């Protein structure tokens, strides 16, 4: 992997681009969804104002949250809540502060930044919100729990996959997903100079922990991902390799990326 701009620790974005047939360097930008792209947990959003029976009011301790939400959505569907009702809720979940501005910035730099989304929410809700926000075309791939309309016309949810990671919920290991995606793109002759990861939750700590010293983790300030990174840095200095740039507004992410892309060798 070639590097330049050694004085500021940045890769050269333009070296060799003018050569015939050269491909411009690419960066991978990975997003979480709940409380990252949107400013709420989307499961809480669809449940707001809806009565649940006592067994469904709380996710069982030590149980599968994904299976719990399968039961919750099934119950709501039986009570007459239709996919269109859920879609309207997802579409109206507010974006996190500065996220619209970040999307506008990213739309101008798609030749250098490849975007994917990895979320423990669900594909139905994510697709609905991104389309409503005019941001769906920014993302090359969305990795989330499958959700769609079943034969009864109700919204049904499933798990994403199974894995052996002890740190992650049984239905999704984001670290495994990110690793497999990087391997897939490498087989397609796409090598990323840097990986950027924007998240908030405890389940974002696993993939962020796989990043290298060339990469950047953007944890939402004060949220579980940020606290876990701080704890790792305090207990095991150097164990968390990526640079850490906490954010309160996504415009801070945009400014960081803008400065990186501005520099030329």
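Backbone N, Cα and C define each Cβ position, glycine as well.
Among the features that TrEMBL reports, active site, nucleophile is placed at 32. The active site, proton donor annotation in TrEMBL covers 34. Annotation comment: TrEMBL describes 32, 34, 200 as Mg(2+) binding site. The substrate binding site annotation in TrEMBL covers 43, 120.
Structural mapping of features recorded in TrEMBL.
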residue : record                    : Cβ neighbours (10 Å)
32      : active site, nucleophile  : 26
34      : active site, proton donor : 24
43      : substrate binding site    : 20
120     : substrate binding site    : 24
200     : Mg(2+) binding site       : 24
CB-centroid shell, 8 A cutoff, Mg(2+) site 32, 34, 200, site residues removed:
33, 35, 36, 37, 119, 199, 201, 204, 220, 223, 225
How many Å separate the Cα atoms of residue 34 (active site, proton donor) and residue 200 (Mg(2+) binding site)?
8
Taking only C-alpha atoms and a 10 A limit, tell me which of 43, 120, 200 are near the residue listed as 'active site, nucleophile'. These are the binding-site residues.
120, 200
Please report how many Å separate the Cα atom of residue 120 (substrate binding site) from that of residue 200 (Mg(2+) binding site), as a whole number.
12
The rounded CA-CA distance in Å from residue 200 (Mg(2+) binding site) to residue 43 (substrate binding site) is 16
